[in-house]
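**Q** The domain 'Response regulatory' feature in TrEMBL is assigned to 8-118. Here TrEMBL flags 56 as 4-aspartylphosphate. Summarising the annotation, TrEMBL assigns coiled coil to 143-170.
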(Lines of atoms letter the chains of each structure in order from A and count residues from 1; the text may use other names and numbers.)
(Lines give C-alpha, C1' and ligand atoms only; values in the text may rest on other atoms or scores of the structure.)
Protein backbone atom coordinates (compact mmCIF):
# COMPACT_ATOMS: atom_id res chain seq x y z
CA UNK A 1 0.00 0.00 0.00
CA UNK A 2 1.32 3.38 -0.96
CA UNK A 3 1.67 5.59 2.07
CA UNK A 4 2.47 9.25 2.53
CA UNK A 5 6.08 10.21 1.99
CA UNK A 6 8.59 8.86 -0.50
CA UNK A 7 7.36 6.10 -2.78
CA UNK A 8 9.65 3.15 -3.41
CA UNK A 9 9.94 2.08 -7.04
CA UNK A 10 11.68 -1.17 -7.96
CA UNK A 11 13.09 -1.01 -11.50
CA UNK A 12 13.48 -4.49 -13.02
CA UNK A 13 15.23 -4.92 -16.37
CA UNK A 14 18.13 -7.06 -17.58
CA UNK A 15 19.53 -4.07 -19.51
CA UNK A 16 21.79 -1.99 -17.24
CA UNK A 17 21.41 1.10 -19.42
CA UNK A 18 17.61 0.94 -19.18
CA UNK A 19 17.81 0.60 -15.38
CA UNK A 20 20.17 3.57 -15.13
CA UNK A 21 17.98 5.69 -17.41
CA UNK A 22 14.80 4.95 -15.47
CA UNK A 23 16.59 5.56 -12.19
CA UNK A 24 17.77 8.92 -13.51
CA UNK A 25 14.16 9.80 -14.48
CA UNK A 26 13.16 9.59 -10.81
CA UNK A 27 15.90 11.87 -9.47
CA UNK A 28 14.46 15.06 -8.01
CA UNK A 29 11.01 13.46 -7.71
CA UNK A 30 9.49 12.17 -4.47
CA UNK A 31 10.53 8.59 -5.16
CA UNK A 32 13.15 6.20 -3.82
CA UNK A 33 14.45 3.68 -6.31
CA UNK A 34 15.82 0.19 -6.15
CA UNK A 35 17.27 -1.57 -9.17
CA UNK A 36 17.15 -5.28 -9.99
CA UNK A 37 19.01 -6.40 -13.09
CA UNK A 38 16.92 -9.40 -14.01
CA UNK A 39 14.26 -11.64 -12.58
CA UNK A 40 16.31 -13.50 -9.94
CA UNK A 41 17.53 -10.22 -8.43
CA UNK A 42 13.98 -8.82 -8.52
CA UNK A 43 12.75 -11.76 -6.44
CA UNK A 44 15.37 -10.89 -3.82
CA UNK A 45 14.62 -7.15 -3.79
CA UNK A 46 10.83 -7.04 -3.92
CA UNK A 47 9.26 -6.83 -0.47
CA UNK A 48 6.54 -5.03 1.50
CA UNK A 49 8.45 -1.74 1.29
CA UNK A 50 8.13 -1.61 -2.52
CA UNK A 51 5.17 0.46 -3.70
CA UNK A 52 5.55 0.20 -7.48
CA UNK A 53 7.44 -2.25 -9.69
CA UNK A 54 8.52 -1.31 -13.22
CA UNK A 55 8.92 -4.72 -14.83
CA UNK A 56 10.35 -5.83 -18.16
CA UNK A 57 8.69 -8.96 -19.56
CA UNK A 58 11.49 -10.43 -21.67
CA UNK A 59 14.41 -11.34 -19.42
CA UNK A 60 16.64 -14.44 -19.25
CA UNK A 61 16.37 -16.97 -16.41
CA UNK A 62 13.20 -15.58 -14.80
CA UNK A 63 10.87 -13.62 -17.07
CA UNK A 64 8.91 -10.56 -16.03
CA UNK A 65 5.72 -12.60 -16.36
CA UNK A 66 7.11 -15.06 -13.79
CA UNK A 67 8.22 -12.25 -11.46
CA UNK A 68 4.70 -10.82 -11.67
CA UNK A 69 3.22 -14.22 -10.72
CA UNK A 70 5.54 -14.43 -7.70
CA UNK A 71 4.59 -10.90 -6.59
CA UNK A 72 0.88 -11.77 -6.73
CA UNK A 73 1.35 -15.24 -5.18
CA UNK A 74 3.27 -13.65 -2.30
CA UNK A 75 0.39 -11.17 -1.82
CA UNK A 76 2.71 -8.19 -1.95
CA UNK A 77 0.68 -4.99 -1.92
CA UNK A 78 2.38 -3.13 -4.75
CA UNK A 79 1.40 -1.81 -8.14
CA UNK A 80 3.11 -3.41 -11.14
CA UNK A 81 3.67 -1.60 -14.42
CA UNK A 82 4.99 -3.71 -17.26
CA UNK A 83 7.55 -1.68 -19.23
CA UNK A 84 8.54 -3.84 -22.14
CA UNK A 85 9.30 -4.12 -25.85
CA UNK A 86 6.65 -6.86 -26.08
CA UNK A 87 3.52 -5.53 -27.74
CA UNK A 88 0.40 -6.50 -25.80
CA UNK A 89 -1.51 -9.50 -27.12
CA UNK A 90 -3.95 -12.03 -25.68
CA UNK A 91 -1.22 -13.37 -23.38
CA UNK A 92 -1.87 -10.40 -21.07
CA UNK A 93 -5.49 -11.36 -20.35
CA UNK A 94 -4.66 -13.38 -17.23
CA UNK A 95 -1.75 -11.21 -16.10
CA UNK A 96 -2.45 -9.16 -12.96
CA UNK A 97 -0.56 -5.95 -13.71
CA UNK A 98 -1.72 -2.39 -13.11
CA UNK A 99 -0.21 -0.67 -16.14
CA UNK A 100 1.47 -1.53 -19.43
CA UNK A 101 3.94 0.58 -21.38
CA UNK A 102 5.64 -0.43 -24.61
CA UNK A 103 9.30 0.56 -24.97
CA UNK A 104 10.79 2.92 -25.71
CA UNK A 105 9.16 5.15 -23.09
CA UNK A 106 9.90 8.79 -22.43
CA UNK A 107 10.58 10.27 -19.02
CA UNK A 108 7.24 12.08 -19.03
CA UNK A 109 5.33 8.93 -20.06
CA UNK A 110 6.98 6.82 -17.36
CA UNK A 111 6.60 9.41 -14.58
CA UNK A 112 3.01 10.15 -15.58
CA UNK A 113 2.10 6.45 -15.50
CA UNK A 114 3.72 5.98 -12.09
CA UNK A 115 2.00 9.07 -10.69
CA UNK A 116 -1.36 7.85 -12.03
CA UNK A 117 -0.84 4.56 -10.16
CA UNK A 118 -0.15 6.53 -6.98
CA UNK A 119 -3.44 8.37 -7.53
CA UNK A 120 -5.31 5.09 -8.14
CA UNK A 121 -3.98 3.76 -4.84
CA UNK A 122 -4.94 6.97 -3.03
CA UNK A 123 -8.41 6.86 -4.60
CA UNK A 124 -8.92 3.23 -3.57
CA UNK A 125 -7.91 3.95 0.03
CA UNK A 126 -10.13 7.04 0.28
CA UNK A 127 -13.05 5.23 -1.34
CA UNK A 128 -12.82 2.39 1.21
CA UNK A 129 -12.71 4.89 4.10
CA UNK A 130 -15.63 6.83 2.62
CA UNK A 131 -17.70 3.64 2.25
CA UNK A 132 -16.97 2.67 5.86
CA UNK A 133 -17.98 6.12 7.13
CA UNK A 134 -21.14 6.00 5.01
CA UNK A 135 -22.16 2.59 6.39
CA UNK A 136 -21.53 3.74 9.97
CA UNK A 137 -23.49 6.94 9.34
CA UNK A 138 -26.47 4.98 7.99
CA UNK A 139 -26.45 2.64 10.98
CA UNK A 140 -26.12 5.39 13.58
CA UNK A 141 -28.63 7.75 11.95
CA UNK A 142 -31.29 5.10 12.54
CA UNK A 143 -30.38 4.83 16.23
CA UNK A 144 -30.75 7.18 19.14
CA UNK A 145 -27.15 8.40 19.32
CA UNK A 146 -25.45 11.55 20.51
CA UNK A 147 -26.01 14.27 17.89
CA UNK A 148 -22.49 15.63 18.40
CA UNK A 149 -20.88 12.28 17.57
CA UNK A 150 -23.13 11.84 14.54
CA UNK A 151 -22.26 15.35 13.41
CA UNK A 152 -18.53 14.55 13.70
CA UNK A 153 -19.03 11.41 11.62
CA UNK A 154 -20.97 13.43 9.04
CA UNK A 155 -18.13 15.94 8.84
CA UNK A 156 -15.54 13.17 8.48
CA UNK A 157 -17.63 11.61 5.70
CA UNK A 158 -17.91 14.95 3.87
CA UNK A 159 -14.16 15.54 4.21
CA UNK A 160 -13.48 12.11 2.71
CA UNK A 161 -15.92 12.84 -0.12
CA UNK A 162 -14.11 16.10 -0.89
CA UNK A 163 -10.73 14.36 -0.83
CA UNK A 164 -12.12 11.74 -3.22
CA UNK A 165 -13.31 14.44 -5.60
CA UNK A 166 -9.93 16.19 -5.42
CA UNK A 167 -8.15 12.92 -6.18
CA UNK A 168 -10.40 12.28 -9.19
CA UNK A 169 -9.65 15.79 -10.47
CA UNK A 170 -5.91 15.08 -10.27
CA UNK A 171 -6.04 12.32 -12.91
CA UNK A 172 -4.67 13.15 -16.38
CA UNK A 173 -7.07 10.93 -18.30
CA UNK A 174 -10.60 12.30 -18.76
CA UNK A 175 -12.14 8.84 -19.19
CA UNK A 176 -10.60 7.72 -15.88
CA UNK A 177 -11.86 10.89 -14.18
CA UNK A 178 -15.40 10.32 -15.41
CA UNK A 179 -15.42 6.64 -14.45
CA UNK A 180 -14.14 7.27 -10.92
CA UNK A 181 -16.45 10.24 -10.42
CA UNK A 182 -19.42 8.06 -11.46
CA UNK A 183 -18.32 5.32 -9.07
CA UNK A 184 -18.11 7.44 -5.95
CA UNK A 185 -21.13 9.61 -6.76
CA UNK A 186 -23.36 6.55 -7.15
CA UNK A 187 -22.39 5.26 -3.72
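Residue 1 is the first one shown; counting continues down the chain.
Positions of Cβ are set from backbone N, Cα and C atoms, glycine also.
TrEMBL: automatically predicted annotations, no manual curation.
As the structure is a computational prediction, the values presented were derived from the model and not from experiment.
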**Q** If you draw a 10 Å sphere around the Cβ of residue 56 (4-aspartylphosphate), how many other Cβ atoms fall inside it, taking every protein chain shown into account?
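**A** So the Cβ neighbour count for residue 56 (4-aspartylphosphate) comes to 24.
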**Q** Indicate whether the residue listed as '4-aspartylphosphate' is helix, strand or coil by DSSP.
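**A** In the DSSP reduction, the residue listed as '4-aspartylphosphate' maps to coil.
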**Q** Over the domain 'Response regulatory' (8-118), what does the predicted model average in pLDDT?
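**A** The predicted confidence over the domain 'Response regulatory' (8-118), as a mean pLDDT, is 91.
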